[in-house]
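Q: What TrEMBL lists as domain 'Flavodoxin-like fold' is 3-207. The FMN binding site annotation in TrEMBL covers 17, 18, 19.
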Ligand SMILES: Cc1cc2nc3c(=O)[nH]c(=O)nc-3n(C[C@H](O)[C@H](O)[C@H](O)COP(=O)(O)O)c2cc1C
């Protein structure tokens, strides 16, 4: 039995969002073909995802100098404890499906806060004399992203920094397989919007069966 962590960074659900619609289709199809697997939904817009702030830095500093966790301030305990829960949840999953919209060439800010919570030396990567090495070499990941323009080819391709950034993080963690499903061009070609959305939903359903 595998555990799939379904990480969504979107304030809307599948009724308003193209990426969430493709994500929902993917997960439903995945559940049908993998009924023994556990799917955990981490909704970054409703869950507590602490930012790395002065409480976090002072909490980490105290722990490093030998203070017991119970002796941290209430704020330090709550934020440092939650960050540690998030990375433990991440490393205990086997597969990851991320859903994000493309906003200003990248993903919503809560996604960056989440990435900051899971980039932890000794958990997702380690330092060696040859440089950092990823520790998640047995996992696989997929990113579903809706974007109003076309980025898979043409002049805008190099301006896309959401999928590209996530791809670098997955590589950094040593994850050997990182795929993408893109719903794209529906703002650029509004008359084709429903066709583009339906095609992506169909692709998501099919790809879920072999993920
Ligand atoms: C704040 C914001 C920023 C956006 N920035 C871009 C962008 O940089 N490039 C683009 O092609 N579309 C951009 N769009 C359009 C979205 O990518 C498009 O509407 C997409 O469908 C959003 O995903 P969703 O349908 O899951 O909400 C932006 C939309 C919003 C609301």
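Glycine residues also receive a Cβ, built from the backbone N, Cα and C atoms like all the rest.
For each listed feature, how buried is it and what is near it?
A: Applying an 8 A CB threshold to same-chain residues 6+ apart, the list for residue 19 (FMN binding site) reads 10, 99, 100, 101, 144, 145, 146, 183.
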Q: Could you list the residues of the same chain, at least six apart in sequence, whose Cβ is under 8 A from the Cβ of residue 18 (FMN binding site)?
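A: Expected: 101, 146, 183, 186, 196, 197, 200.
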